[in-house]
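Here TrEMBL flags 7 as site 'Transition state stabilizer'. Annotated site 'Positions MEP for the nucleophilic attack' per TrEMBL: 138, 190, in sequence order.
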């Protein structure tokens, strides 16, 4: 989607997408610390986020999502323990709420690996290649969302071993482990395409500035 600023700084009601996202974590009683990783040249974050004792903004973003996550993990190494849980979330998912965070933590707090919020595929799935259309069985297919929740040391190891991934779960899977998919909700959509901002605003009950 086209905008004058990065999509996480588009307005939803009286605050940015990023502010909604961060607010969801700051309001949760079991979240000890919230870390936002941005690029060194980010010109918007200081205005978008209000100061909070539990909030850190780190200007160590990388070229890819995995790079940014790995850089952020390294930056907080002295502040965490190896077995601390880390929840990694997309900045452009403003619809995350307390119920979803509760469900994720409850499902994974005793889990040996960790996991993620995800949605079972309900539509018929087609693969189109070279003009040929193929229907893919949807049984067992899920759409990955975030947060994705893994212990600190495992997450660092997974991203070091498999840096070319589009989400943290993929890196953990590459180690031969089996993350758990925890049912999410459509409200936790990622603002990516035209129309997504209006849909996110509808879920949040606010207006959107397209």
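From the backbone N, Cα and C atoms, a Cβ is placed for every residue, glycine too.
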### Query
What three-state secondary structure does DSSP assign to residue 138 (site 'Positions MEP for the nucleophilic attack')?
coil
### Task
Please work out the number of neighbouring Cβ atoms within 10 Å of the Cβ of residue 7 (site 'Transition state stabilizer'), leaving out its own Cβ.
18
### Query
Looking at the recorded sites 138, 190, which one has the fewest other Cβ atoms within 10 Å of its own Cβ?
138
### Query
Roughly how many angstrom lie between the C-alpha atoms of residue 138 (site 'Positions MEP for the nucleophilic attack') and residue 7 (site 'Transition state stabilizer')?
31
### Task
Rounded to the nearest Å, what's the C-alpha distance separating residue 190 (site 'Positions MEP for the nucleophilic attack') and residue 7 (site 'Transition state stabilizer')? Just drop the number here, would you?
10
### DSSP three-state assignment (helix, strand or coil) for residue 7 (site 'Transition state stabilizer')
helix
